[in-house]
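**Student:** Annotations for this protein, taken from Swiss-Prot, read as follows:
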ACT_SITE  HIS9  active site, tele-phosphohistidine intermediate
ACT_SITE  GLU87  active site, proton donor/acceptor
BINDING   8-15, 21-22, ARG60, 87-90, LYS98, 114-115, 183-184  substrate binding site
SITE      HIS182  site 'Transition state stabilizer'
Amino acid sequence: MKKIVLLRHGESTWNKENRFTGWTDVDLTEKGVAEAAKAGEILKKEGFIFDKAYTSYLKRAVKTLNCVLDKMDLDWINVEKTWRLNEKHYGTLQGLNKAETAEKYGAEQVQLWRRSFDIAPDPIPEDDPRNPRKDIRYKNVTNADLPATESLKDTIARTMPYWTDVIMKQLKTSNQLIVVAHGNSLRGVIKHLKNISDEDIVNLNLPTAVPYVFEFDDNLNMTRDYFLGDPEEVKKLMEAVANQAKKK
């Protein structure tokens, strides 16, 4: 039996402030670091020993992975970083408060921007300092591939080739892998693995730093999936993510 653990990064500073983050490179909060450490401790207790790890170019995911591996005494394993696992690009919404944006545009519209399959926010202008074409970390990515905004459909289009050609290919010769990324890049992967419809994907909300295990047979057919943690606690965490656009 082969396993891949999907893990959304720990709480970031903009998660705490309830802002749209996207490709903005914000750090973890103290709570986020603690969440990552807890995830590592759980994975170690469950006996996981990863052969390789994957993460995005964004520090909230990179630092989460580093913390997890440190707690597991697996700092030495090979880690591969890729922009293709970055969060969905939220265009001009990046930096805005979700609840305040819902007050301005309506909760239904914000929910479509956050969770729908094929609706993207307005793109950031070419000369906007937030444009990834101005970021040195993407210097080896062609401008045509760098987004100014994305829907979940767009995010899947850049994530899935990497998932199929790199991660699943690696699983053929590995037993256990871990992928630490972001809510929407991981939602796209889960949509593929569980064959979730375009309509139903809107209802999937991933909590921060809760390990999500996928088991595969030797032919790489997915056989089982489950969160590590108390089911009621995981449910509450998922509901909290769903309610982020509501005024408190």
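Backbone N, Cα and C atoms are what each Cβ position is placed from, and that goes for glycine too.
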**Student:** Could you state the CA-to-CA distance between ARG8 (substrate binding site) and HIS182 (site 'Transition state stabilizer') to the nearest Å?
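**Tutor:** Spelling it out, the Cα of ARG8 (substrate binding site) and the Cα of HIS182 (site 'Transition state stabilizer') are 5 Å apart.
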**Student:** Check the DSSP secondary structure of ARG8 (substrate binding site), expressed as helix, strand or coil.
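**Tutor:** Once the DSSP labels are grouped into three classes, ARG8 (substrate binding site) ends up as strand.
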**Student:** Checking your reading of the structure: which of the recorded positions GLU11, TRP14, LYS98, HIS182, GLY183 lie inside a 10 Å Cα sphere centred on GLU87 (active site, proton donor/acceptor)?
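**Tutor:** Passing the 10 Å Cα cut: HIS182, GLY183.
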**Student:** Restricting to the chain of LYS88 (substrate binding site) and a gap of 6 or more, list residues whose Cβ falls under 8 Å of its Cβ, or answer none.
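**Tutor:** In sequence order, the residues whose Cβ lies under 8 Å from that of LYS88 (substrate binding site) (at least 6 apart) are GLY22, GLU150, SER151, LEU152, ASP154, THR155, HIS182, GLY183, ASN184, SER185.
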**Student:** Name the secondary structure element type, per DSSP in three states, that contains GLY22 (substrate binding site).
**Tutor:** coil
**Student:** Using a 10 Å cut-off, grab the number of neighbouring Cβ atoms around the Cβ of HIS182 (site 'Transition state stabilizer'), all chains included.
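**Tutor:** Around the Cβ of HIS182 (site 'Transition state stabilizer'), 26 other Cβ atoms lie within 10 Å.
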**Student:** Of all the recorded positions here, HIS9, GLU11, TRP14, LYS98, which one's CB has the most other CB atoms within 10 A?
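**Tutor:** Output for this query is HIS9.
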